[in-house]
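Structure record follows, encoded as structure tokens.
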């Protein structure tokens, strides 16, 4: 029977020599640069983390983008509507002194919810406004809606200090809910004054796209893109669109440049549209 073969044990000196040789070889190997991280374009000129522009800084987030087209209607995708609306609103607001406007995207770019919120947080935005368009399974669904993020209190993990739970609670949108709700109520009044628009609902949901923002924030849907008539309206947005004008007026109020919306002037609901739309359009997706 053949004798078993054993690998020889190398002396310490040989091991050290091999290690030194390997280190020398590595030093001569070309370094391959790491792939560049995707650029997050929006930031105020010359801004550093934690800097805040003078006056009121609004970050407008056109929902979706890139491969994420959002909801679709006849001849139009949600990502196109939101980008167009954001640019129209931004151009109107830039005419006013004391307001700085930044966008999370200015072209057909795909961003994660974390990246969107990070842009607002980096610039210490005064308000984070995400523009959307609804989709609904209800035939004829129409009109705007306003959504706020109000997640439930996070559960306590076994053994976790109560202070840690409180910190996670405070870092969410909960601490900004009062400011977000005031915006939503004022905007609701302005939208309701648009002839035939009806009174848009205000919904509170745990929204990932808003939860990372460290300032008052809201999703504003400008219509139901899955309804052909609404899709046609959204395709034809322009600078004088009443929804864009109403958004401008409410941002000016937030910035202290315009009074609150007049009360008691709600226009009557549009045809087939119950006042307040308590069963407002259900979104098929969210950022």
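Placed from the backbone N, Cα and C atoms, the Cβ positions cover glycine too.
Please treat TrEMBL annotations as automatic predictions, because they have not gone through curation.
Here is what TrEMBL says about this protein:
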- 117-253: domain 'MurNAc-LAA' (DOMAIN)
- 257-287: region 'Disordered' (REGION)
- 1-27: signal peptide (SIGNAL)
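Across all of the domain 'MurNAc-LAA' (117-253), the predicted model scores a mean pLDDT of 88. For the domain 'MurNAc-LAA' (117-253), residue counts in helix, strand and coil come to 59 helix, 25 strand, 53 coil, using DSSP.
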